[in-house]
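Marked as transmembrane segment by TrEMBL: 20-41, 62-84, 96-115, 186-207, 227-252, 259-286, 298-324, 336-359, 365-384, 396-416, 431-447, 459-478.
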Amino acid sequence: MATASSAPDSLRQVLLRHGVPGFIGSAILTLGALGVGWLPLSSGMLNWSYIELLRGTTAGTILSRVLIFIGVALLLQAWLVLGYDLLSGLRLNTSRMWAVLIAWTLPLLVTPPLFSRDVYSYFAQGRLIDAGFDPYSTGVSVIPGWFQDGVDPMWAETPTPYGPLFLMVERGVANFAQNQPTLSALVFRLVALLGVALMAVYVPRLAFMHGIDPARALWIGVLNPLVLMHFVAAAHNDALMVGLVVAGLALAAEGRGMLGAAAVGLAGTVKPIALLAMPFIGLLWAGVRATWPKRVGYWVATVGVTAVVFAILSLIAGVGLGWINALTTPGEVRTWLSPMTALGMLAGGLLQLTGLVATNDGTVLIFRVIGILVALVITAWLCVRPQGRSVVRGAAFALLAIVALGPVVQPWYLLWSLPLFAATGLSRNELRVVIFLTAGFAIHGIAESSSTSDNLLEFSDGISIIAAFILIGLVLLASPRERQLVFGGPVSHGMLPVDDPSRARAKQMVFVGAS
């Protein structure tokens, strides 16, 4: 068996040591999803005897939940072992890392949606558009059978917050799948995989330009268990958005600014939040020594290219600018994962106790507005004062700020910025934070993974969280390798340029302004 220092020299050795453990974890996840994954009431799979056994009995449901726990734990451990080996000196080229990614992904291609049922909302929105309704003003509740097709009632009356490109994707998938929402989920997963593929191609290119080992960047930013859980198993359209943003920044950094601006424009037509990357595309396009007039000129050019992309796709899709008004749709969710929403709910709760207010709606709104304004100020500062840092890293901080200070935080929102941080380098402490966040959101995912978590197992959600903590804790402490990686040791030196050529490349990416 290969060790961290021997550097396996064959694809077979790499797959045996690193591909197979993750493949097994994903396969176990897929088996568990048959029992507790999201299947619409209209799905014929519910009549399969095996599915009925898993979903119709307490023992079957518990077994399925246990399989989800074990699958995520194995994926996390496979990821930690791969990271330990890479940080210990194992040299893997990009194609070897892609092979491991494919091995970890394959079983999840056919799994019912896990960790979220948003794909069924995508399907219903496609049917809505096909029926001639304006998705920016009409909810899917006007479509017959929307509930049986698996849509979360939370989104039944809300307009879509997505851009014209994704609306066309939704309509195309709905036409292809016809009355089969389960089939549509598999097709939307292929769309998400396109985003993951873009990440897998462009993260190493960005990493090389920043003097970071491409394999290590892929490990943190693309083979991360959260990518497999939320971009592959859950098939969130954020995957396509992130893939296009990463591609756009990489193209701009390589000197192809117009293509980079077009890619970010396409990302914005999936989810408009991606437009936050526009000013950073302009800075990359202008060059690291650009004067103020040159920066402004390329910012204008970036906006122009993006506007053309939006105009063309909006015309093709037959929609207007309704997405602007619909941007508040995700904010209808209140989650304690959002610091600003949590503070608003806590402050509102205290005021309710004093009798000063009847609800916490006002305080939640105030804190959310403050958070958004602060995030925008941070983004503006990163744009107008880029000196001394990589522009790509500035984009990563901007995306992180809008997530951390935004009204809603979902586990997969971490993945908006993670590939960019991975490509631009992580210090020892930053790496440990990423590992702990990955483990923490994995706990959140497996504790909230079940389609039955709001009924059959509702009473045991607390037990599920405790069990998840214990299991993931055991994974983090499984062996001296994991303990060194997580808590400090010879390999926990982070992901930074390690030799003169890589440091020279990293220096070339630092914005210095006019000389």
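These residue numbers are counts, starting from 1, taken along the chain as shown.
Each residue, glycine too, has its Cβ placed from N, Cα and C.
Automated prediction, rather than curation, is the source of TrEMBL annotations.
When each of the listed stretches 227-252, 336-359, 365-384 is scored by C-beta pairs under 8 angstroms to the transmembrane segment (96-115), 227-252 comes out highest.
Of the ranges 62-84, 336-359, 365-384, 431-447, the one with the most Cβ pairs under 8 Å to the transmembrane segment (259-286) is 365-384. Long-range neighbours of the transmembrane segment (365-384) within the same chain, counting only residues 6 or more positions beyond its ends whose Cβ lies under 8 Å from a Cβ of the stretch, are 276, 279-280, 283, 331, 338-341, 343-344, 347, 394-395, 397-398, 401-402, 404-407.
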